[in-house]
């Protein structure tokens, strides 16, 4: 009898041993899957950032052509700039000045640039005028003219000017164009390509930081000078509207719901409603903006005002939910102490509870603004994808936004040049978002330590 | 400019009101030694309210009526014989010219004989009406201030009144969220109903062909608006996204929650959450220029034809976007499962993974289903990734390796930059938006309900 129980015990132990190793393999497998998931997730982050950085960083440098431009009086047949005479009225002087500027604008500045380019090229280089001008960006004539208008006394003198190389020339220098392609497939003619190589060797073409990316507005005719300034200002206006409207309204609403509202069906409904609003797709807010702000209220199309209002409504739930959570977290002792000292409910909330929640509200605001900054879809529906080549001075002027500019640039036909430019714009956008989030984290840790 | 003047004047007036109210209540307390009900700040604030409300009322009335009045006056300045000869656009141009003259910018071209005088008249009228408005606002404000001053007595319950005003303001703030929902529903429903007056709802919801014609190509034929191709595209992409996001997100959450060392968790969790903060346009661009071509080349290598822009491309990248959403929600939910359940399983000799699979996950299942539904609703409503990477081919087909289109893509295509919602071409965007809204609303309500129930279960 005893032997059989011993046998079964031994067998059972054996069984358990066998099962145990199987279970331990299962355990290891499970852990392994967990590690794989983590590695995959981190890998995605790494690949995404590496890809955008690899594509975007080259676009932060750009080819500049260093030229000695001579304002040749023979090529520039222009009257001397009007000088203000004593007794001349404002209007008369302005009229004279405008007439002179119109005359300057009518001049063919390309001849001046062409002369400067030929001067920089080796003696007797055979290239026609259209080909040689394809090396500089088409807005170079405006740059040179601006130099002259600023200082008309330069007539007959020579100045050193840095001009942007054209998008094609920049691509050629950076090696983004296959050099083995035949002449018919090349955007630049053979002499122009040869001249660019010469310029690169003798230092006429140099790489410099692409300030144009940050200091210029968007441009279709001169892609190499297309920049983000207009979009940055548009986004700035919208963020201003979001902060000015969403924070007070959101905080006020959270205070009412958390501190004053009687617990009733209605407040329950509001609560469900706000949670749902937070999960409504952003494009639906765009439809709301198109129907209500643009079509009913007749707000200007493509203006930061309408965009800012749409983004405000989108950001509100984020701020309300975060503020309510913060208010919930305030210790009841604080409230009871305030009420016990004879403070009214309003005084208790505004003097004692709200200041404690300040760090959380600030963080929620910054995160909400960062979210709004990256939002694209609703802005497309209220016409912010229009081509705008101006910096919006007020929130009712036409403008575009940073993410929308990225959307517009990725669709540009000049793929070869704009892919890098788009990646650079993405880096600028990501830079802003990372800065905002870093500020949020920093402020929270600072303020919470003090509180 | 005018707005700045008004705002500055208003601020000065309000500052004055506060000061007067404050000092009067102060005097009561110090001179007579009376016991004043409220502190001086409340008397000051009450005076501000009494001053501000009438002034703002005047400003609001002015803002509402002045464009109409200005327009009427400007039109009245154009001689009748010229007025009758103008059509609407010419009239607008003429008014613009007159306004430019009135504001002193000057205009190009020859001045018509009446224009100079009309411009001056309009300028004078604008200035006059502005000044009258300003005087009225200031006058009523001062009147309100005087009334408020007279009301200040020791027994005046200024604090109660100010607090009532504050609480009204807070209620107004809360109403904004409600109004947003009402606005969404109202605008979607009214415009969608207008769309259904063009197109039979049955043809919309059960149509299998999406071919909207633009009004310029044919006047009579509006095209076909079948929802099904878009719906299948949406569901296909969301499905692929969930296939990527759920295993990775859930396993990452389990690992971080149960296995990982604290220091690892502190580093890895924020990095994964970076994925949630990246704008969707960036994902779209990444899908378009990197993932799509990679998948196409990969397909070529193994002899499979994969389009660069396809449901697969968009779905994969969208899945990556949703990973942090799933992982942080699941993490929260795993945290809420009581420790006793886990300890019980360990006590019976279960390994860690057995505890997780047989105890933790079943206990957390409702919450995880809720998180899953929220993620689906996010995937359905996602726009920029699919606009860039799904290929915009609204054809009913089941192959995820080929381009598709989605509801959101079609909304963007039908509505960009349109303002006159007259034809079904642009109105269809609202019908699509309504469909999308209802789909996500149902998902959200169910998901939030499940998550809430789950929380209550363990509280």
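Numbering starts at 1 and runs along the chain as displayed.
For all residues, glycine too, the Cβ spot is worked out from N, Cα and C.
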Which stretch, out of A:348-373, A:374-399, is listed as transmembrane segment by TrEMBL?
A:348-373
Which one of A:203-227, A:303-327 shows up in TrEMBL as transmembrane segment?
A:303-327
What else in the chain is close to the transmembrane segment (A:277-297), if you only count residues 6 or more beyond its ends and a Cβ gap under 8 Å?
306-307, 309-310, 313-314, 316-318, 321, 375, 377-383
In terms of Cβ proximity under 8 Å, which residues at least six beyond the ends of the transmembrane segment (A:424-443) contact it?
52-53, 56-57, 59-60, 210, 213-214, 228, 231-232, 359, 362-363, 366-367, 369-370, 373-374, 402-403, 405-406, 409
